[in-house]
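As recorded in TrEMBL, the features of this protein are as follows:
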- Pro515, Thr517, Arg522, Asp732: L-glutamate binding site (BINDING)
- Cys744-Cys800: disulfide bond (DISULFID)
- 436-795: domain 'Ionotropic glutamate receptor C-terminal' (DOMAIN)
- 440-506: domain 'Ionotropic glutamate receptor L-glutamate and glycine-binding' (DOMAIN)
- Ile664: site 'Crucial to convey clamshell closure to channel opening' (SITE)
- Lys694: site 'Interaction with the cone snail toxin Con-ikot-ikot' (SITE)
- Lys778: site 'Interaction with the cone snail toxin Con-ikot-ikot' (SITE)
Amino acid sequence: MTWKMENLLIAVSLIVVTSSAKQTFKIAGIVSTDQMGRALEDAVRIANQDMPSNLQLQALYIKMDANPIRSALNLCSDVISKGIHTVIVSKPENSDISPPISVSYTCGFYSIPVIGISARDSSFSDMTVHKTFLRTVPPYFHQADVWLKMLEYFDWNQVVFIHSMDTEGRMILNRFQSKAEEIMIEKVIKYPSGSKDYQPYLQQLDSLQSRVVLLSATEEDADQIFRDAEALNLTGEGYAWIVSEQALTSTSVPEGTLGLKLLHGTSEKDHIQDCVRLIKQTVKQLFNGTLTQITDTPTSCKNSSSSWQAGNSILQALLAAKLENGNTGKVAFDSDGDRLNPDYYIQNVKIENGQKKLEDIGYYADPKVSSNALEIKDSKIIWPGKKTTKPSGINISTELKASIRRMQRVVTLESVPFVYTRKMTGSDSCNWDKNERLCPLVNETTGIREDYCCWGYCIDMLIQIADMVNFTYSIHLGSSGEFGSYKKVNKTSEKKWNGVIAELINKEADMIVAPLTINPERAGHIDFSKPFKYQGLTILVKKTATESKLDSFLQPFEDTLWILVALSVHVVALVLYLLDRFSPFGRFKLAKNNDTEEDALNLSSAMWFAWGVLLNSGIGEGTPRSFSARVLGMVWAGFAMIIVASYTANLAAFLVLDRPEASITGIDDARLRNPNEDFKYATVRNSAVEMYFKRQVELSTMYRQMEPRNYKTAEEAIQDIVNANLQAFIWDSSRLEYEAGQNCDLITVGDLFGRSGLGVGLQKKSPWTSKISMAILKLHEKGNMEDLDNKWILEGRNDCPEKDTTPATLGLTNMASVFLMVAGGIIAGIILIVIEIAYKRHRGLKDKELELARNAADRWRGNIEKRRTLRQTLQRQREEQERLARLATQKKPGVEGNGSALGRGPVGQGNGYNLPVDHPPPRVGHRLSYTEATGGQMYSPPSYRTVTHSATINNPVYMDKSAEDNYV
């Protein structure tokens, strides 16, 4: 009857919800008992009392089944089918070993948010697998955060970490290592879960220096581990065990053990109430924002469609939500859905009246929430062996105590600026006020001792560390003068260390305080402190000033560009000529233009125009006339402006800002990778740098090249760099940067490579390693190391001129090439004028010869014409004489004369000859000249009109000659 009434009430409530159009947010609880289910319903009912009128929460619950398959089936049939929006999941009744994996997988597939209130396995922190799973309890591996705070409180710096080989063990170790910056894990011991004998894993604890043991184990494994540890006497006086929550509940846990207990870790009701309050807060925020209703809620596990979008929105809102005053404290989640701000009790195992009990001796709260995160009452703690005083945390045996009393022997090496040395003479002493310390050197060959004073970066650091750690010391210089390397002895298979590392291994020294590089080879045989300085390797070379060459003014452009510019000038000139020649508006085509053809743009003028525009010289004549050629001319002027401006800018970089350059660019330079005899480089033998090159396969060629040239000390190599006997020296960046700052002729090149740190070297398993490391870390925190850098490495640098910021004054060496170019132009001009004169002379001779030939030809033609004219004249004279003779015969036959057929007739009145009236008569017996015969007319070259004068002569002088001689 009660069941029917409940169903009736639910139906009525559904009708009311529907009629009032309220938005219902459904919460399902998968709880351990019905009592917890009713607690869920009560929490929802209380939450609805102050919900907005348009919103309400609705709860339903089922009991958690220990069988994961049945649990998943129940989830589908009784929860998802009801359109649930969020699930709160606990654990099965009376079982802590059944995590809600099936619930997380199923709800994650449909994007339904799940809030776990008891699952603490580390696997649930993987959001890629458990996509929608959040939890109000922290995972087990978060205990590592509290362990670190406890170790810091008890001033323990060295621990042994024991964990299982499963996921839980690996996760807590990773968490511890990621946050343990100042804690050294001496040994990590991994054991298989479920083993019946752990003594083989625990036996090595006795030989370790650390006596602080961190244990992560389940309750079952812890039972056997504690029994085996007690059998090996590893739980007595001097030891300190800090264990996980699960291990602390073991029945075999020894007295004096410290552990943790999560506050409210098992209060299921409190967690349910906090979940409901957090969901209520989230839903109100969602519906006050952009969300108006929730749709497409999954209602069946048979639907394999895509994920529920509203569910993803609800999940993101829950991840960002915070509940300030929950029953279990402040509730919030990290990005993995894990609980933030958990609170723990710190408990101590005690035996009273034969019964073991756990007593709260401290409290831990998240530092972000509580100002006093860790509180421990030391007076309430009982330590192993029923001791009330805190163990030292390290194994101090009788032999080790004697060793500690001898902890005075410090070996060092001269290495500027870390360690300076000077030899003491006479009554000289070291100045303690300037932190100088006595550091004798014993010759390894003769055994003679020489006293030196040492000071510098490392000595100042040693003084401060000794004050902090409270030990005394004596310093001596390494007799070998080398850091040491691991090499074969006398060509045998046996390998041994040499140098100062050998002194440490052979217990001739207790620590090395020098710029000792930390590397794997050394770390296998000695211990190192935390690095006191981080550095890398770099290359030191001597600056090489760039010499000005005769063609330095050509350097701004490459040869290819110069060729293209020169070619462009001639191509543009040719195109200008052609455009102006064939354009209808060019000077060749303008009929009305008064310019002659010589004034037009010929090829020579076009060439002059192109060069003139490029060199910005005046152009007085020979400019293009046509529009097309002028457009090209404007484009060429723009080109010339860009070229000249670029050239001018780059010329300043090459001449004015000429600065010294390094001969190489870095470790990848071809001269290092492909060595030759002309370029020598080296490092220091038996050093960490040499070992670095030896173990790097890609640098094996460089190692073989350097090996026979390596120096004994860095000082010798640097001096050879200065003297130009060595081209490159590879060494620690801090030392080489110091040298480059002291000598302006030196420079470091390339990026740092082979990065490492410098540390203090100690004997293997030395109890002082952690203390000295802590002292170095504190010096870093206080800024003391930075002060040492400023004092010894950065200060005292020479102010080398920065050529790249201050322009240099140009000299003759920079501009000699320009003067030579002008001189070359003058010489070229002289040579060209000589050629022009010689050519002109040669051309004049040719013209003279041609003129002479022309004159000779003219004379020859004149002679020929004269002879022809004479013949014609004589012919006419004969014809006239014959005519006159005939006439005379007809008129006066037998007239007396002077023997000539010509008488004093009417033709020649007054002179008796047939001559012009104004011509004088010829003398008897005189041979007429050409002038007399032609009437005084000299010969002239034939012209367009020829006047011929002729005379008929009958001179007795020529009577005995040929008849033709009488004709002139």
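Every residue, even glycine, has its Cβ placed from backbone N, Cα and C.
Remember, predicted model here, so these are calculated numbers, not experimental data.
Features per TrEMBL, on structure.
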residue	record	Cβ contacts under 8 Å, 6 or more apart
Pro515	L-glutamate binding site	Ser415, Phe418, Val419, Cys458, Lys533, Asp732, Ser734, Arg735, Leu758
Thr517	L-glutamate binding site	Phe483, Ser687, Ala688, Val689, Asp732, Ser756, Gly757, Leu758
Arg522	L-glutamate binding site	Gly484, Ile501, Leu516, Phe528, Ala688, Gly761
Ile664	site 'Crucial to convey clamshell closure to channel opening'	Ile539, Val541, Arg671, Leu672, Gln727, Ala728, Val749, Gly750
Lys694	site 'Interaction with the cone snail toxin Con-ikot-ikot'	Tyr703
Lys778	site 'Interaction with the cone snail toxin Con-ikot-ikot'	Met468
Other CB atoms within 10 A, centred on Asp732 (L-glutamate binding site): 26
Number of helical, extended and coil residues in the domain 'Ionotropic glutamate receptor L-glutamate and glycine-binding' (440-506), per DSSP: 20 helix, 18 strand, 29 coil
Average model confidence [pLDDT] within the domain 'Ionotropic glutamate receptor C-terminal' (436-795): 82
Additional residues surrounding L-glutamate, by Cβ distance to the Pro515, Thr517, Arg522, Asp732 centre under 8 Å: Phe483, Leu516, Ile518, Asn519, Ser687, Ala688, Val689, Ser756, Leu758
Protein Cβ atoms within 10 Å of Cys744 (disulfide bond), excluding its own: 14
Taking residues Pro515, Thr517, Arg522, Asp732, which bind L-glutamate in the record, the widest Cα spacing (Å, whole number): 17
